[in-house]
Amino acid sequence: MKSVLQQATSFSPEGASQWSGNLGRLSPIPGDVLSYIHDSHGMVGQQQITSADGSLVPPGQMQGGKKQGVSGESSEVGQTADDITGELEVVKEGRIIGRLGPGKAFGELAILYNCTRTASIRVISHAKVWVLDRRVFQRMMMRTGLQRMEDNVQFLRSVPLLQNLAEDILAKIADALEVEFYPAGACIVRQGASGDTFYIISGGSVKVTKRSENSEGEEEIRRLGRGDYFGEQALLKEDHRTASVIALSPGVECLTLDRDSFIQLIGDLSELQEKDYGDKLDYDLKKLGNSGSIPSSTAVTAPVQSTPSTEGLQGQDSFILSNTDSETTDVDPEYVDIQIDDLEVVGTLGVGGFGRVELVRHCRNLTLSFALKCLKKQHIIDTQQQEHVFSEKAIMMSCRSPFICRLYKTYRDTKYVYMLLEACLGGEVWTVLRDRGLFEDSTTRFITACVVEAIEYLHARNIVYRDLKPENLMLDGRGYVKLVDFGFSKRLGLSSRTWTFCGTPEYVAPEVILNKGHDRAVDYWSLGILMHELLTGTPPFTAADPMRTYNVILRGIDAVDFPRHMTRAAVSLVKRLCRDAPSERLGYQRGGIQDIKKHKWFQGFDWEGLRERTLPAPIVQKVRGPTDISNFDSYPRETEVPPDETSGWDMGF
C-alpha cells in the first residue's frame, strides 16, 4: 500500500521481443479453461478469449520436484492448471506458503508486464498446465481490440447522419458505445414511447412491428440483423418511436449511445455536419495503414481505422512525428558549445535502476548549473528500452513550455547516454508532500493547474505523458511546477491507440489494465489520482500488491470513500476525471481541457497569471544558489562502475 512515506514505483514499457521460446503446436483452449480465466481474473472479456483459438500452449508436462516461476526471476508467462491431476506448492524464502490444485492459476501478473516472481512453484506430483505467454496475450488483446473498434467505426459510417463526420470523431463515438444484450422476446423500443438512445445491432436479429390505426394487433414490417441500426434520430432530439423493435431468438446484442453522452462527447450533430474538416488525419498516420508499428511485444500503437492483420503485427515500436510539432528538436543554441568535459558534478539529485541524476555546473561559469541525467547503456540494452530513450529525447527536445523541464543537449560515451536538463532546485513535489502529509486546497489547486497547462501543451502536440505522479513534478526556484521524466511519453496520431502496459500501479487507468488500448484519456485519469493524493496523502486506489491494486481500480471511483475534509468541488472534479469510460472523463469530451479549467473547483483561479508567472506560488523552497541541493534527499556516491557497451545502438543520440 502506497503512502506519502513510500515513493511509487513505475513499471517500464517493454521493448522489442527477444523471447526465443518455442510455443510448439498450439491447441484450442478448452471451455473450462476459458471460463476459469474469464470468471477468475476479469482482465479479459469472453470475446477476447474465445477469439484466441490456439493462443495457449497445450498442457505442459511438469515433473515432480521441479520448480516453475522461480522467486526473483523475471517472468514471461502466466500459467493456469486445468482439471488434469497434479499438485503444486508455493514456496517463498524456503517456506511453503500454499498449495495449488486443479483449476488454480499462478503468474497472472506476468501477462500484464515483465515483473519479478515473488515466489517459487514446486511440483509435488506429475502435473499438466496451460501456459499463456505475455506477448501472445498482448497481441491477442490488441488484435481483437482493433477489430472491435474497426467494426464499430464501420457500423457508424453506415449511418447517414454520421457518415460525413471526421475519422477522429467517429473513433470517439465508437469508443463511447455501450454493449447491451436483450433476450429473445424483449421489447427494445416500444412504439409511441419517447426515447433518447441510438442502437446498432452487433449480433443477432430483431423484428420491427407497427400498430396501425385500423388494427388492434401489431404487424411485422421488417427484420434487422448485424450492422443494421435504429433510433438514430434520438441523437438529434427527443425521439417518439414510430415502431416497436423486439429481440428474436436466441437474443440480440446492441451497441448503444444515448443523446446526453453523445452531446457531451462531441457536441451538436448539426453543427458538426456543417464543418469542413478537410483531411484531418496526419500524413504520417495515413502512411501507417496496416503496416503500422505493432511489434511482437506489449508496446504497440495503431490507428483505429486500420484493419488488424498478421502482417500488422510485425516491426518495431515507433513514435509519430506530426505537423503540430514544428518546434526544433536540435540542441538549444544557448548551450550548443557546452561539452560534457566542461561539467563538474556538485551532488546527486536522484537515483534509480537506470542510473543517476547529478547536479552539475560549468567549470568556467560557476553560476551555470544543470541536471545531468546519466543512463546506463547496458541497462537500457538489458531492458530493451533503446527506442524509448530516443523517444524521450525527441519529445523533450521539441517541448518549449514553462511547465515542462527543458532538455538542452545530449551526450554519450561507452558507459552512459546523458541528458543535460534544466535544474529545478526546489526539489520534488513528492518530497514536500511526504514532509507535510497532505496539501491544502489552494496548494493542490496551484500544482494541479501547472500540470493542466503541461498536459494541454503536450496533448496539442499529440503527446500522451502516461506517468503522472508527485515524484515526476519538480519545483523551480519560484515555486512553479514542471513536468519531468518523459520515459513513458509517446506521440499518438489522431484516433490512434497504444497497447503498452506501463506506468505506476496506483495511477494506471482501467483501459490499460484491461488491455483495451489507450490514448491521451489516461492522462486525465491520472490527473484525478494526483489530485486525490495531493489532498489526502494517498492515491484513492491502493492495496498490498499491484494485482490487488488493479482489482481495486476496476471497482471504480464511485466505490471510494472520500475523506470528509475534501470539499465537494474537489470530490466532484476527481470523480469526473476518474470515470471508467474514457469518453466520460472531463477533458476528453467536446470542451477539451477547458472543461477542467472551467470546473467549479477552479472557480476564480487566475489562469492568465499562472501562464505569465505573476501568480504567487504557495510552495517556494529556499534556494541559496545555483549549486544548492538542500531540497533533495541525500544519496550515496556511485560505487559500481557499469560495463562498456559499444554495440552502436546510441548512434545519433
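These residue numbers are counts, starting from 1, taken along the chain as shown.
From the backbone N, Cα and C atoms, a Cβ is placed for every residue, glycine too.
Annotated by TrEMBL as region 'Disordered', the relevant range among 212-232, 296-316 is 296-316.
Long-range contacts of the region 'Disordered' (631-653) within the same chain: residues 347-351, 355-356, 376-381, 386, 389-390, 393, 410, 412, 414-417, 425-428, 431, 475, 621-623, each at least 6 residues beyond the stretch ends and with a Cβ under 8 Å from a Cβ of the stretch. Neighbour counts were taken as the number of other C-beta atoms within 10 angstroms of each residue's C-beta; across the binding-site residues L349, V351, V357, the minimum falls on V351.
Cβ neighbour count for G353 (ATP binding site) (all protein chains, 10 Å cutoff from its Cβ): 10. Across the domain 'Cyclic nucleotide-binding' (86-158), the model assigns an average pLDDT of 80. Using DSSP to sort the residues of the domain 'Cyclic nucleotide-binding' (161-283) gives these counts of helix, strand and coil: 29 helix, 45 strand, 49 coil. Within 10 Å of the C-beta of D467 (active site, proton acceptor) there are 22 other C-beta atoms, taking all protein chains into account.
D467 (active site, proton acceptor) is 18 Å away from G355 (ATP binding site) when you measure Cα to Cα.
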